[in-house]
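Quick look at what TrEMBL lists:
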- 8-13, D33, R38, 86-90, 127-128, E161, 272-275, R342: NAD(+) binding site (BINDING)
- C272: active site, nucleophile (ACT_SITE)
- 328-450: domain 'UDP-glucose/GDP-mannose dehydrogenase C-terminal' (DOMAIN)
Amino acid sequence: MMKICCIGAGYVGGPTMAMIALNCHDIDVAVVDIAAPRINAWNSSNLPIFEPGLDDVVKACRGRNLFFSTDVEKHVAEADIVFVSVNTPTKLRGLGAGKAADLTYWESAARMIADVSTTDKIVVEKSTVPVKTAEAIEKILNHNSNGIQFQILSNPEFLAEGTAIEDLMKPDRVLIGGRETPDGKKAIETLKDVYAHWVPADRIITMNLWSAELSKLAANALLAQRISSVNAMSALCEATGADVSEVAYAVGKDSRIGPRFLNASVGYGGSCFQKDILNLVYICECNGLTEVANYWKQVVQINDYQKARFVKRVVSSMFNTVSGKKIAILGFAFKKDTGDTRETAAMDVCRGLIGDKAQLSIYDPQVTREQILRDLAVDKLDWDHPRHLQQSLNSKHVSVVSDPYEATKGAHGVCILTEWDEFKTLEYERIYKSMQKPAFVFDGRNVIDVNELRKIGFIVYSVGKPLDPWVKDLPAAPPS
Ligand SMILES: NC(=O)c1ccc[n+]([C@@H]2O[C@H](COP(=O)([O-])OP(=O)(O)OC[C@H]3O[C@@H](n4cnc5c(N)ncnc54)[C@H](O)[C@@H]3O)[C@@H](O)[C@H]2O)c1
Ligand SMILES: O=c1ccn([C@@H]2O[C@H](COP(=O)(O)OP(=O)(O)O[C@H]3O[C@H](CO)[C@@H](O)[C@H](O)[C@H]3O)[C@@H](O)[C@H]2O)c(=O)[nH]1
């Protein structure tokens, strides 16, 4: 029986391996991690990540051909294929700080694979890595191999959180990059056979290693660019009276552009977009491509601008100060249907409002109080490092509550920062009655019915929508 081991039991390692186990009864899959609490959670009824459909998949195969363990070395030693799905955060210090990918976790995993292996192995890059990483990994493995043969493949993951199970079950494509040598081609075929258990052959694309590595960065850069484009347009809509939803609809009707991924928002978040674009920028700079680097940098800058613009709208609408005012924050996750908060726009918005001395009352249906307080305490870019290095915020400016009506009670303003479906159907009349007046709603996700809320009496700002008369005469982006 073929054995697969995946190093890293995170958002990618857990669901992708569960999907392989579900579809490949003839393969034993072990997911290993150094974080014992994470592994314990994978082995419990309370999985460490919230992802629709994941519980059922895990339940169907855990203990059958899917195992979660902290015995990293044992499972790596026994495996025929080792996936590496560890964190690849943005480097915080030294050369390339603030842009380059930090490959510390990847390198230590590679050295461990070399140390414990006694049989030939295929090593698969599942983490998102800079182009040419496979070359470095090959060197580490082969210089420490004791005669063992390693083939390195790039198999980047394209799942989006919130729809991970659907994306894994019916992927748009599976990408496998490998060396163009006989052994490289054989390794590609072996991995292809795994996916062929459930993915149609025409969706499994093979290519050279560097194309596969770069395609992952390119896909995320283009997706993020689309959001920054529509967000840039949202600022112009507010200035001109156009409605960004109508503009996006009209634009998306062009079959060359397509309708998806054109929702204006308070800014994209998530663990990947910013990190991967910064990484791409760094690679361009290292290759002397300054203009190309600046082009992609702008996608991140517009995203930062969009978040800052939102905070300024809130402050300037509320008489230019939020000091001491209660503001309800509805939604903290970086998108709906996930409890993940990595690089969530809510973090920057909350920090901006706390900077202006607001009293925040935060509600999110999936994010825990501990997570929110930890997020608001860590420095930007520091979040993708081990948890024991992180602290919790101890601030009189923030409370986290478990009910949206408690969050909004007595508040001067409400900021909607995640597009949770439940925010569409809240009892806004009840919320209005319980708030200070004038009562403001700032919708960073365009989830509420602006006209309905204005009828109730709210002063409403909704990203990229025609402005409320109250907000209209205030500058779009007052000086900071
Ligand atoms: N989250 C996503 O939606 C997504 C999608 C596609 C690609 N990616 C990429 O996949 C990679 C992993 O992302 P993630 O979201 O799963 O991260 P994650 O933080 O959820 O999981 C990574 C896990 O690796 C473990 N780990 C780190 N070093 C280890 C080691 N030496 N041995 C054993 N375990 C170790 C950590 O403890 C952690 O549990 C990143 O490169 C990311 O860019 C993420
Ligand atoms: O029209 C849109 C679509 C998305 N977003 C925001 O963009 C961010 C990212 O959303 P999404 O791409 O759906 O989620 P991720 O889980 O970050 O997935 C992205 O990043 C993953 C990690 O690399 C890739 O695997 C996926 O293909 C890629 O979509 C979130 O904050 C969304 O709210 C918008 O603001 N407007």
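Cβ atoms here come from the backbone N, Cα and C positions, even for glycine.
Predicted automatically and left uncurated, TrEMBL annotations should be read as such.
Mapped onto three states, the DSSP output places T90 (NAD(+) binding site) in strand. Close to G8 (NAD(+) binding site) in the fold, though at least 6 residues off in sequence, lie V31, D33, F83, V84, S85, V86, N87, A109, K126, S127, each with a CB less than 8 Å from its CB. According to DSSP, Q274 (NAD(+) binding site) sits within a helical segment. For the domain 'UDP-glucose/GDP-mannose dehydrogenase C-terminal' (328-450), residue counts in helix, strand and coil come to 40 helix, 19 strand, 64 coil, using DSSP. Residue with the densest Cβ environment among the binding-site residues Y11, N87: Y11, by other Cβ atoms within 10 Å. On the 0 to 100 pLDDT scale, the domain 'UDP-glucose/GDP-mannose dehydrogenase C-terminal' (328-450) averages 91 in this prediction.
In the vicinity of ligand 1, defined as a Cβ distance under 6 Å, the following of the recorded positions G8, Y11, D33, N87, T90, C272 are placed: G8, Y11, D33, N87, C272. Geometry remark: T90 (NAD(+) binding site) versus C272 (active site, nucleophile), CA distance 10 Å. Distance from the CA of C272 (active site, nucleophile) to the CA of E161 (NAD(+) binding site) is 11 Å. Candidate recorded positions: G8, Y11, E161, C272, Q274. Those with a Cβ under 6 Å from ligand 2, in sequence order, are E161, C272.
Cβ neighbour count for D33 (NAD(+) binding site): 23 (other Cβ atoms within 10 Å of its Cβ, all protein chains included).
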